[in-house]
Amino acid sequence: MHQRILILDYGSQVTQLIARRVREAGVYSEIHAGDVDDAFVRDQVAQGLKGIILSGSHASAYEEGSMRVPAAVFDVGVPVLGICYGMQSMAQQLGGTVSFSDHREFGYAEVRAHGHTKLLDGLADFTTDEGHGMLKVWMSHGDKVTELPPGFKLMASTASCPIAGMADESRGFYAVQFHPEVTHTVQGKAMLARFVKDICGCEGDWNMPDYISEAVARIREQVGSDEVILGLSGGVDSSVAAALIHRAIGDQLTCVFVDHGLLRLDEGKQVMQTFTENMGVKIVHVDATSQFMGKLTGVADPEAKRKIIGREFVEVFQDEAGKLQGAKWLAQGTIYPDVIESAGAKTGKATSIKSHHNVGGLPDTLNLQLLEPLRELFKDEVRELGVALGLPPQMVYRHPFPGPGLGVRILGEVKHEYAELLRRADAIFIEELRNAKDPASGLTWYELTSQAFAVFLPVKSVGVMGDGRTYEYVVALRAVQTFDFMTADWAPLPHPLLARVSSRIINEVRGINRVVYDVSSKPPATIEWE
């Protein structure tokens with residue numbers, strides 16, 4: 001079993017980033033709800049847990065009814081790192097004082113490190129004229145610790161937060177008011193690596209080659225000689241899941257690829273070629289375009305479209321799965337963020353922005369056991385796994401594509417005509433991004449953007465082509481840059497590139513005479529339009 005770190009989640013929007021940073025240090029980490037009981041914590045320690053991290057929260061640590069850290073966390077003898085709310089809870093439960101701050105801090109701050117602690121010693125972004133080491137960090141808090149618990153010493157401070165970090169090194173307890181997990185905290189990654197390796201004693205035994213060997217053995221043991229079916233979408237997650245399961249059990253796996261008529265240009269052909277010709281995976285290809293388009297006729301509401309597409313996918317998949325009499329397992333490309341979000345939804349601590357298109361309702365309907373070989377991995381780890389399994393890099397590293405496909409990139413009602421126009425416009429945009437290089441970085445603009453796509457707007461505008469007047473549709477281009485997809489900035493594509501894309505779309509896609517570029521960031525906008 002791998003050495004691991006337990007992360008207790010108190011509702012922060014960036015808790016997943018803590019786990020990702022820990023794994024980037026080569027250490028396995030798991031996120032669990034912050035209200036687990038003492039028995040759970042003790043059991044984790046008995047299984048070799050090396051340390052605990054307490055996340056931030058939107059809640060107030062001193063308000064009645066706020067979530068408390070399990071008492072066992074502080075008496076099982078493993079190092080603990082509290083972040084933001086985690087620091088306040090640690091202080092309050094160990095005898096310190098937490099108060100509401102008259103000066104709330106949200107955003108960039110400069111923190112002065114105090115004393116010499118294992119966590120911060122030698123880390124600095126710049127030094128003041130007086131010789132004080134300073135850290136550039138990201139703050140997001142309204143409460144603050146105003147009195148240290150017994151045994152703790154001051155570790156960091158800001159002008160408005162005299163206690164921005166504290167430590168009881170004899171017990172391995174550390175806490176910071178800022179967020180080391182976000183990229184805005186320049187030394188944050190180094191801090192978390194130092195905590196898990198130098199303080200918790202983890203050796204960094206989490207790596208992809210070992211994961212593949214363990215996952216293959218686990219799948220073989222779990223499945224035995226049974227047949228497995230998998231809904232293959234062509235997306236990264238289901239593709240990597242298929243490759244991993246096929247590595248483990250070969251022809252015991254059958255993939256069902258449902259074409260709902262809302263895929264990108266030639267996507268169906270590419271999926272079939274990759275898996276059948278190059279990897280020898282058994283695939284049942286179902287063209288259900290007419291069924292999906294028929295159900296979407298007259299439907300304009302985006303949430304209604306998502307639900308219809310999800311429901312019809314289940315129906316088509318169920319019909320095909322029923323023909324595979326020997327199948328006892330349903331495989332899904334569930335990844336770790338899906339697991340975390342599902343847990344949050346069940347506890348009522350998560351807010352639903354958009355419904356997710358998946359096959360989550362299938363196990364009960366089909367009476368199949370569930371196989372989720374990627375449920376421990378984040379997206380970047382899934383991509384790394386895909387490359388290690390031999391999937392083409394252009395498939396593994398391509399931009400995310402929503403389950404409902406072009407159905408949520410066509411605003412309003414979905415029509416076959418609209419899908420054809422959008423497919424061709426989108427293909428031109430992506431082709432030009434792949435061909436255009438940024439001289440400064442040497443990377444293509446496709447590599448420099450995290451997600452890029454075209455959106456069909458069901459409105460017409462007047463134009464002129466040759467000597468004639470046109471009255472045709474509008475397409476919007478969307479390209480964003482992001483580290484985590486929780487926030488995103490619109491990509492500053494070069495004007496000549498945008499001009500070339502626009503010219504090609506208008507000249508090559510008859511029916512479109514205007515192209516616009518979306519310069520909205522997330523928030524307030526979401527990345528997808530629907």
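A Cβ is built for glycine as well, from the same backbone N, Cα and C atoms used for every other residue.
Annotation comment: Swiss-Prot describes 4-205 as domain 'Glutamine amidotransferase type-1'. Summarising the annotation, Swiss-Prot assigns active site, nucleophile to Cys84 and lists sequence analysis as the type of evidence. Summarising the annotation, Swiss-Prot assigns active site to His179, Glu181 and lists sequence analysis as the type of evidence. What Swiss-Prot records for 206-398 is domain 'GMPS ATP-PPase'. Annotation source Swiss-Prot lists ATP binding site at Ser233, Gly234, Gly235, Val236, Asp237, Ser238, Ser239, citing sequence analysis.
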So if I measure Cβ to Cβ from His179 (active site) and keep only same-chain residues at least 6 apart in sequence, which ones fall under 8 Å?
Val14, Gly56, Ile83, Cys84, Val137, Trp138, Met139, Ser140, Thr185, Gly188
To the nearest whole angstrom, state the Cα distance for the pair Gly234 (ATP binding site) and Glu181 (active site).
32
Let me spell it out: for each of the binding-site residues (Ser233, Ser239), count the other Cβ atoms within 10 Å of that residue's Cβ, using every protein chain shown. Which one has the most?
Ser239
Including all protein chains displayed, how many Cβ atoms other than that of Asp237 (ATP binding site) lie within 10 Å of its Cβ?
21
Among Gly234, Gly235, the most crowded of the binding-site residues [Cβ within 10 Å]:
Gly234
Can you tell me the three-state DSSP label for His179 (active site)?
coil
Same chain only, sequence gap of 6 or more: which residues have a CB within under 8 Å of the CB of Val236 (ATP binding site)?
Gly333, Lys379, Val382, Arg383, Gly386, Met395, Val396, Arg398, Pro400
State the Cα to Cα distance, in Å, between Glu181 (active site) and Asp237 (ATP binding site), rounded to an integer.
25
As a test of reading the model: what is the averaged pLDDT for the domain 'Glutamine amidotransferase type-1' (4-205)?
91
Other residues with Cβ within 8 Å of the Cβ centroid of Ser233, Gly234, Gly235, Val236, Asp237, Ser238, Ser239 at the ATP site?
Leu232, Val240, Ala241, Gly333
DSSP on Gly234 (ATP binding site), three-state: which is it?
coil
Within 10 Å of the Cβ of Glu181 (active site), how many other Cβ atoms are there?
28
CB contacts for Cys84 (active site, nucleophile) [other CB atoms within 10 A, all chains]:
26
